[in-house]
Protein chains: 2
Amino acid sequence: MKKAMHTALLPAGLRDALPEEAEMEAAAVHCLMTAFGRQGYRRVKPPLLEFESSLLTGPGQQLSAQVFRLMDPISQKMMGLRADMTPQIARLATTRLASAPRPLRLCYSGQVLRVRGDQLRPERQFTQAGIEIFGTDAVAAEAEIVLLVVEALRAAGVRGITVDLTLPALAPMVLKGRGLDDAAVAAARRALDAKDAGELRALVNGDETVFGLLEAVGEAREAIARLKRLAIDGEAGMLVDRLSALVGEVTAADPELAVTIDPGEYRGFEYQSGIAFAVFARGVRGEIARGGRYRGEAGETAVGATVYLDSVLRALPRRQPPRRLYLPAGTPRGAARDLKAEGWTVLHGLDAADDTEAEARRLGCSHVLGDGGPVSLD
Amino acid sequence: MKKAMHTALLPAGLRDALPEEAEMEAAAVHCLMTAFGRQGYRRVKPPLLEFESSLLTGPGQQLSAQVFRLMDPISQKMMGLRADMTPQIARLATTRLASAPRPLRLCYSGQVLRVRGDQLRPERQFTQAGIEIFGTDAVAAEAEIVLLVVEALRAAGVRGITVDLTLPALAPMVLKGRGLDDAAVAAARRALDAKDAGELRALVNGDETVFGLLEAVGEAREAIARLKRLAIDGEAGMLVDRLSALVGEVTAADPELAVTIDPGEYRGFEYQSGIAFAVFARGVRGEIARGGRYRGEAGETAVGATVYLDSVLRALPRRQPPRRLYLPAGTPRGAARDLKAEGWTVLHGLDAADDTEAEARRLGCSHVLGDGGPVSLD
C-alpha cells in the first residue's frame, strides 16, 4: 500500500482526526448542544458557503482576510466559506427569524475554515459550538450566557474553569475627553491592554482614573470594588454598573466559579460593544470560549458565546477505551442485539478464526463471547 | 429590521436549516453514529478541504465535475471542497491507518458540497453519515453493512425500509463473449438497466441468459432462484453465488426486512465492483442510503454505505415539540438545575413580566413554574 502514501499529504493546517480525537470531539459537541437545548436554545444550521456580501456584513466584517473565496458557477457571484458562525446566526435572527419572539435563543455547532492559521492555532479548520440571545438588553442575558457556557463545559468534562470579564469599550470612553488625540487614545488603550505603566505615564501623566483601570484587575469582587471607587460616570459609568451587576448575578448563582476582571483588555473583542468575556481552563493553552454583547447587522442587540472545540479537547482527560466484545464468526446477529442493549460494543468475526482469543486481541477487543457470556481477555 | 432582508439571499441550493429541521437532523445523525459505534465502527473526521489531487483519486474520480475548487494561498496548489466522504475514508484507511488491523471498521458523518444540484436534489450541501469495512472479502462484511444500516435507520425512526440489491458488474460480464462490440455491450447494459426488452431483443436477439437477467428481478429469494437457473458461470457466476449467500445471511438475520434484487441496475454505482445496494423507505422520494463493494485507491477491497440525511428527514415523522417550562425572572438558577435533571427544557425569564402566563405562552412554553412546581398552560 506504499504507493498511496503520496496522497496522504494534506494542505498545511488541515488534517484527519483519528478515532480517539474524533470521538472525543463528537461526544463533547453532543454534551454542549444537549446542555444548550435543555435551556431553551433552539438549534439552527446555516450553510458552509454564502455570498461574500452576506458573510462579511455586521459582526463578520473583521474576518474578511480569513475567508476563502470561490466563484459560484450558477450566479457568477463570489461566495465565501464561513470563518465564524456568529455572523451567520445574527443574519438568520434578523431575516428568517425576524418575527420569532424575543428574547430569541439560538444555538449551533459546525465547522469553520480560515485562509491562514496563526502561531497559537496553526489549524485552518475548527469546530465551533455556540449560543446567542437576541433582542434583550437585560444583564440577566449576559449572566445566562456565562453561566450556561460554564455549565455546558463542565458537563463535557472540563475542570478548573475561570471566566475573565472585560469591557473593551470602557478605556476609549474614559480616555476621550482627556485632551488626547485619536492616536494617543489608541496608544493609551494598547498600553492598558498590555499593562504597560511606563507607556501609560508618558501618555496621561498621573491621571488617577486611567491608572485606576490598571489596578482594577483580578478577582472579580475586589476588582469591581476598585473600579467603582474610580467614580467613572456617564456612559462609561453605566458599563461599570452593568459589569458590577453581572458579577453579582454570576457569583451568586455559581459561588465556586473563578471570575476575574481585566477592564482594559480588548484584543480579539473587536465586535463586542458591552461586556465581553473569555473562558479558560487551568493549565490549558488558549481560550476555551469567548463571547459578549454586540450589535447584529440590523442593529439588534445580542449577547452570545462561541466554544472552541480544539481547546476543549486539550482540557479533557483521555477517555477510557470502551469495552469491546468479540463475537466469533457465526454468532447469531440476534445475540448482538441483546449485548448492545446491555451496553457492550460488539465486533462480529467475519471469517472463522483458528484462535478466537488471539483474533479478538488483534482487533483490540477486551472481551470475547463464550458459551456463558462475555469473558475478559485480561 | 427590513433593511437587512437583502442579505437573506443565499446562493441557489444552499440554505439555513431552522430549528425543527436542524434538531431532527442532529438527532438522526446522533442515532446513526451511536448505532455504528456500538458495532465497533470507529469514528474518523477528515477535513472539508483537501488537495484536488488526493480528493479525486480512486473512488473520488467520478466526482470531479462536482467539486468546488479553490487556491491554497499557502501552497499555491488547488484544493477541493469534498463532494463525498467515502473517498476520504478510503484514503485514510490506506495511509494513516494502513497498519491498523483488518478488517478495519470506520464510520463518519459530515457535510459535503457540490457545484451543482440536480433535479431530484437541487441542494448543493448535504449531510452524510456512513460506515466502511476495509480489508476483507467475506460476504459477511456485505451482510453486516446492509443489516447495520437498516438497524441504524430504524433506531433513528425510519419505517417501511426496503433494500434493493444489485450487481453492476454482472451484465457487462454476461454480455462480453457474446460477439458484441463495446458499444453494443454498453447499449445492452443500458437496456437492461431500463428494462427495455425491445431494445434488448434488437441487440442480443433471443439470448436466454441475457433475457433471464431481465426476469430475475423482484423479491430477493425468488429472484435469486431465477438467477441461479440461468447457469451463469465463471467470474459472473461467482458474483451470483455471492449475491445468493448475501440474501441468505440478510434474510436469516432480519426475516421481516423487504429485500429485492435488480441485477441489471448500475446507474450511480460506477465505483462498485461487486454487490451494491440502495435503501428506500416506503413512500419517501429518493434513496435513503446506498453502498456496496469497491476497491480503494491502493487496491484494498472495501465495502461500505452512505446514508443521506436529507432523505432520512423526509422519512421521519414530525417530532413532538419538547415541553418547555418558563421560569419567571428571579427564579434561582439552582432550581433550574433540578428541573433540567428531571427532563424539563427550561426558559429563564430575563426581565420581570406583568403577566407571567402570557409571557410564557409568547415564548412558546407549555408550562410555567408555580410555587408548587410546573403548571401546564393548556
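Every residue gets a Cβ built from N, Cα and C, even glycine.
Any TrEMBL annotation is an automated prediction that lacks curation.
It should be emphasised that the depicted structure is a prediction, and the values quoted were computed from it without experimental measurement.
As given in TrEMBL:
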type: DOMAIN; residues: B:38-233; note: domain 'Aminoacyl-transfer RNA synthetases class-II family profile'
type: BINDING; residues: B:D84, B:M85, B:T86, B:R114, B:Q128, B:E132, B:R267; note: L-histidine binding site
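Counting every protein chain shown, 20 other Cβ atoms lie within 10 Å of the Cβ of B:Q128 (L-histidine binding site).
Taking the domain 'Aminoacyl-transfer RNA synthetases class-II family profile' (B:38-233) as a whole, pLDDT averages 93 in the prediction. The record assigns B:D84, B:M85, B:T86, B:R114, B:Q128, B:E132, B:R267 to the L-histidine site; their largest pairwise CA distance measures 22 Å.
Of all Cβ atoms in the protein chains displayed, 11 besides its own lie within 10 Å of the Cβ of B:R267 (L-histidine binding site). For B:M85 (L-histidine binding site), other Cβ atoms within 10 Å of its Cβ number 23.
Under the three-state DSSP scheme, B:M85 (L-histidine binding site) falls in the coil class. Shown in sequence order, B:T86, B:I89, B:A90, B:A93, B:R105, B:L106, B:C107, B:A302, B:V303, B:G304 are the residues of the chain, 6+ apart in sequence, with a C-beta less than 8 angstroms from the C-beta of B:E132 (L-histidine binding site). The DSSP secondary structure for B:E132 (L-histidine binding site) is strand.
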